[in-house]
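First the structure, in the form of structure tokens, and then the observations on it.
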Amino acid sequence: MPEAPVAREQNQATTAHAKQRAKIVFEADKEQPSAAPESKPATDPVAADKPEPPHSDSEDLAETGEPDAQEAAIPPELLIGNPEPKKSRAGRNLPAAIGVGVVLLGVVLGGLFLYEPLLVFAVTVLSGIGCWEVARATTHAKTAVPQVPLYLASIMLPVSAVLGGVEALGFSFVACILVALLFRLMEGLKGAVASVMSSVFIISWIPLLLSFALLMLEGENGQWLIATILLLAVANDTFGYIVGVLIGKHPMAPKISPKKSWEGFGGSMLGSMIIGACAMVFWLDMPWWAGVILAFFTTIAATTGDFAESMVKRELGIKDMSNLLPGHGGIMDRLDSVLFVIPLGYLISHLLAWSVAVF
């Protein structure tokens, strides 16, 4: 049976529309042929003179859930669309994040088990970059922080921890604070209080806390203790991320960190306890319950560290400390939980070793 005139005209219109889109030719000033598809009435007189922009299939699907009749009749090979790439629910580039994490892990493990000065160098570099990121971020609050004392502390504190232990670390910390005070007073008194307090905060937050990792090298199995503490920090982030993405519904602190949920916190706690128990038994030759206790406190410390950095970033009005690490943000966006875990892990591990020896 011959096609009806109306059906033939519709087929011709559809074919012409497909070819026109495939060639991406939009001629607004020329008169459209009679076989061109019927255009939508323009509500804006200026928009009526402009060519129709390329249309994506995803727009129809987003609005109605189904493609329109004309889109369904166009062969798939002639369709031209630019759908947006899907983003992770966590809001970060996972392949890049994993790659950066593997590199950092390799450097730390190399310093722990192959060449100890590499670990000291890594702590020094991470401290310096972290200080630079935070000092740079404080400019959003109109606070200028002298950076020379920060870099001095990033070198002196780790080296003092390795060479002289806790006493040398404390002496170097006080000395760096005094240097920061002198540097700021040389620039005048205006804004000096906020600047000095910011310097004290940055030195205490980054070089001092990171240097506790090097204090652990003093004792027996120090490398394995550091590896256990770092593994617990990684387990906290990993299990919390997985459980939070899958079933996280109840935010812990919506105004500080909306993506952190109680479900994710529970996943962090349970996963860290399992990892801690195994690490204590196989790495440190201690009872499993010591690993559970250590994991309990380190999970709380890691979560507190996450919230602390989130509060700082919200106070400064920034999303990330920097964009140095693809998929991660800045160095401080990776060290936020580790900075609180290391000193607490150092203290708890010593208490556990004492309790095991006594009881």
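Easy rule for this one: first residue shown is 1, then count along the chain.
The backbone N, Cα and C atoms fix where each Cβ goes, and this holds for glycine too.
Here the structure is a predicted model, which means the values were calculated and not measured.
Going by TrEMBL, these are the annotated features:
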{"type": "COMPBIAS", "residues": "47-58", "note": "compositional bias 'Basic and acidic residues'"}
{"type": "REGION", "residues": "1-67", "note": "region 'Disordered'"}
{"type": "TRANSMEM", "residues": "94-115", "note": "transmembrane segment"}
{"type": "TRANSMEM", "residues": "155-183", "note": "transmembrane segment"}
{"type": "TRANSMEM", "residues": "195-217", "note": "transmembrane segment"}
{"type": "TRANSMEM", "residues": "223-243", "note": "transmembrane segment"}
{"type": "TRANSMEM", "residues": "264-282", "note": "transmembrane segment"}
{"type": "TRANSMEM", "residues": "288-308", "note": "transmembrane segment"}
{"type": "TRANSMEM", "residues": "338-357", "note": "transmembrane segment"}
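Here the transmembrane segment (155-183) has long-range neighbours at 120, 123-124, 127-128, 146, 148-149, 196, 199-200, 203-204, 207-208, 210-212, 214-215, 217-218, meaning same-chain residues at least 6 beyond its ends whose C-beta is under 8 angstroms from one of its own. Sequence-distant contacts of the transmembrane segment (288-308), counting only residues of its own chain at least 6 positions beyond either end whose CB sits under 8 Å from a CB of the stretch, comprise 228-229, 232-233, 235-237, 252-253, 256-257, 260, 265, 268-269, 272-273, 275-281, 336-341, 344-345, 348-349, 352, 356. Tallying C-beta pairs under 8 angstroms between the transmembrane segment (223-243) and each of 195-217, 264-282, 338-357 places 264-282 first.
Remote same-chain residues near the transmembrane segment (195-217) are listed as 116, 119-120, 123, 126-127, 130-131, 134-135, 138, 143-146, 149-150, 153-154, 156-158, 160-162, 165-166, 169, 173, 176-177, 180-181, 184, 223, 225-226, 229, 332, 335, 339-340, 342-343, 346, 349 (criterion: CB distance under 8 Å, separation of at least six residues from the stretch ends).
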